[in-house]
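Here is what TrEMBL says about this protein:
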| type | residues | note |
| --- | --- | --- |
| BINDING | LEU15, GLY16, LEU17, GLY18, THR19, VAL20, GLY21, SER22 | NADP(+) binding site |
| BINDING | LYS110 | NADPH binding site |
| BINDING | GLU195 | L-homoserine binding site |
| ACT_SITE | LYS210 | active site, proton donor |
| DOMAIN | 359-432 | domain 'ACT' |
Amino acid sequence: MTSSENNKPVGVAILGLGTVGSQVLRLLGEHETDFTARIGGEVQVRGVAVSDASKPREGVDPSLIIDKPEELIDREDVDIVVEVIGGIDYPRELVLRALRAGKSVVTANKALVAAHAAELSAAADEAGVDLFYEAAVAAAVPVVGMLRRSLAGDKIVRISGIVNGTTNFVLDAMDSTGASYEDALAEATRLGYAEADPTADVEGHDAASKAAIMAALGFHSRVTFDDVHCEGITGITAADISAAKEAGQTIKLLSICERIVDEDGREAISARVHPTLVDRSHPLASVSESYNAIFVESEAAGQLMFYGNGAGGNPTASAVLGDLVGAARNKVHGGRAPGESTYADLPVADFGQVTTRRQIDMTVRDRAGVLAVISQTFSEHGISLQTVRQEAAENGARLIVVTHAAREHEIAETIDALGGDDEVLSVDSVIRLAD
Ligand code: NDP
Ligand code: HSE
């Protein structure tokens with residue numbers, strides 16, 4: 001029986017009342033009448049689960065607060081569970097408990113979805129309920145819905161861009177104001193952009209979870225966090241940022257998901273996250289602060305760009321509430337959103353098979369014949385050079401080499417060989433270049 005048939009309000013449990021949960025609760029209360037009209041029935045918050053029930057919560061009805069999420073989920077008058085706690089193992093238990101009890105789930109938890117989408121989707125299918133996670137990728141930017149619904153009739157070939165607000169904030173602050181890495185990260189944390197443990201942001205794990213979700217949805221295949229090659233921004237130094245600036249470039253942490261053809265001629269998926277040099281004229285170069293931008297290339301639609309607020313309480317609450325409206329409408333009027341689609345079953349390519357372009361910055365001996373020796377090392381590994389620039393340096397000479405596209409394993413072997421080359425004093429930085 002739907003809620004409209006028995007005229008009962010839709011009961012909602014909110015698990016978590018931190019940066020995101022507090023804004024979800026506030027906006028639900030402030031726009032109650034609008035939500036009722038949009039859904040076609042009333043929504044009532046039955047309770048809010050937190051870890052410390054004794055903490056003061058300004059503006060929150062204390063009778064709603066509970067520190068036992070399981071009790072809240074199990075209440076008969078709860079129809080939809082909103083999970084905004086974070087982490088993987090415990091929220092997995094809670095979400096499965098809700099789904100198995102026939103309650104729809106809305107979550108903002110990319111780490112959970114990227115690790116356990118198969119199990120969670122199967123539980124939702126079995127119970128015939130919704131599992132929504134729009135907020136899990138790029139917060140307010142509607143990427144999940146676009147991939148899951150709007151482009152479901154098209155063939156997507158590439159999804160790329162900036163999907164982590166914290167690292168974009170840090171790199172942008174280092175570039176535009178000369179802020180230190182530590183100060184910029186502290187500010188991003190204060191503003192509520194970073195994960196509970198910001199290591200997830202700076203090591204690229206958060207972006208990798210989002211890449212897994214985007215690749216799975218876009219390519220109708222199973223892609224998990226472990227399938228994504230992931231490099232964060234902890235190795236990026238102030239010197240890298242200023243060298244990029246001098247060369248008319250900036251550094252961004254990009255997530256790239258694409259269909260590739262591997263060395264055996266089979267179609268496969270590449271999903272990767274790594275710092276990337278971007279020309280200042282590139283549209284991604286102007287994506288500042290915690291903003292996100294995602295490009296999608298598909299067969300029929302061509303190129304699409306999505307841009308907006310990718311982190312923080314309000315933007316994330318916007319996406320959570322959109323999902324809540326969708327799930328509540330289905331409770332009121334009946335029906336269910338389509339589940340996941342993994343029919344294409346494309347394999348994930350080994351990272352070594354992926355082709356990228358690199359900029360290699362090294363210090364070499366300043367003497368005749370050095371360039372010839374170094375060019376030889378590249379050509380022995382099948383890599384052709386696009387540009388070579390030499391500058392005077394304190395010890396020896398600085399050589400900045402840009403390669404044409406080459407397979408990752410060829411580049412890795414070349415860098416190893418350069419390290420053992422007598423003419424090379426040090427390989428100072430190796431950064432991939434945007435297409
Ligand atoms: P916070 O750390 O700010 O809030 C976490 C909330 O969960 C707190 O209210 C905390 O309780 C509660 N909690 C923690 N452990 C438990 C537990 N064992 N039982 C019950 N409640 C618990 O996290 P965010 O709001 O920033 O993030 C929540 C989720 O949203 C994460 O999955 C995150 O990845 C995702 N997300 C976050 C975005 C952001 O910009 N912040 C953007 C997009 C997604 P207490 O208040 O007592 O400490
Ligand atoms: N920590 C995440 C970010 C939150 O900075 O992008 C949004 O998913």
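Keep in mind that glycine also has a Cβ here, set from the backbone N, Cα and C atoms.
On a Cα basis, the residue listed as 'NADPH binding site' lies 15 Å away from GLY16 (NADP(+) binding site).
In the three-state DSSP reading, THR19 (NADP(+) binding site) counts as helix. Within 10 Å of its Cβ, the residue among the binding-site residues GLY16, GLY18, GLY21 with the fewest other Cβ atoms is GLY18. Listed in sequence order, the binding-site residues from GLY18, THR19, VAL20, LYS110 having a Cα within 10 Å of the Cα of LYS210 (active site, proton donor) are LYS110. Proximity of THR19 (NADP(+) binding site) to non-local residues of its own chain (separation of 6 or more, Cβ distance below 8 Å) is seen for GLY192, GLY312, GLY313, THR316, given in sequence order. Distance noted between the C-alpha atoms of LEU15 (NADP(+) binding site) and the residue listed as 'NADPH binding site' is 15 Å. A gap of 19 Å separates the Cα atoms of SER22 (NADP(+) binding site) and LYS110 (NADPH binding site).
Mean predicted confidence for the domain 'ACT' (359-432): the pLDDT average there is 94. You'll find the Cα of GLY18 (NADP(+) binding site) roughly 11 Å from the Cα of GLU195 (L-homoserine binding site).
Taking a Cβ cut-off of under 6 Å from any atom of ligand 1, the recorded positions GLY16, GLY18, THR19, LYS210 reduce to GLY16, GLY18, THR19. The two recorded residues, VAL20 (NADP(+) binding site) and the residue listed as 'NADPH binding site', show a Cα separation of 14 Å. Note: the Cα of LEU17 (NADP(+) binding site) and the Cα of LYS110 (NADPH binding site) are spaced 17 Å from each other. Those residues of the chain, other than LEU15, GLY16, LEU17, GLY18, THR19, VAL20, GLY21, SER22, with a C-beta within 8 angstroms of the mean position of the NADP(+) site C-beta atoms are ILE14, GLN23, VAL24, LEU25, VAL50, VAL84, ILE85. Cβ neighbour count within 10 Å across all protein chains ranks LEU15 highest among the binding-site residues LEU15, LEU17. For ligand 2, the binding-site residues lying close by, meaning a CB under 6 A from one of its atoms, are GLU195; the full candidate list was GLY18, THR19, VAL20, GLU195.
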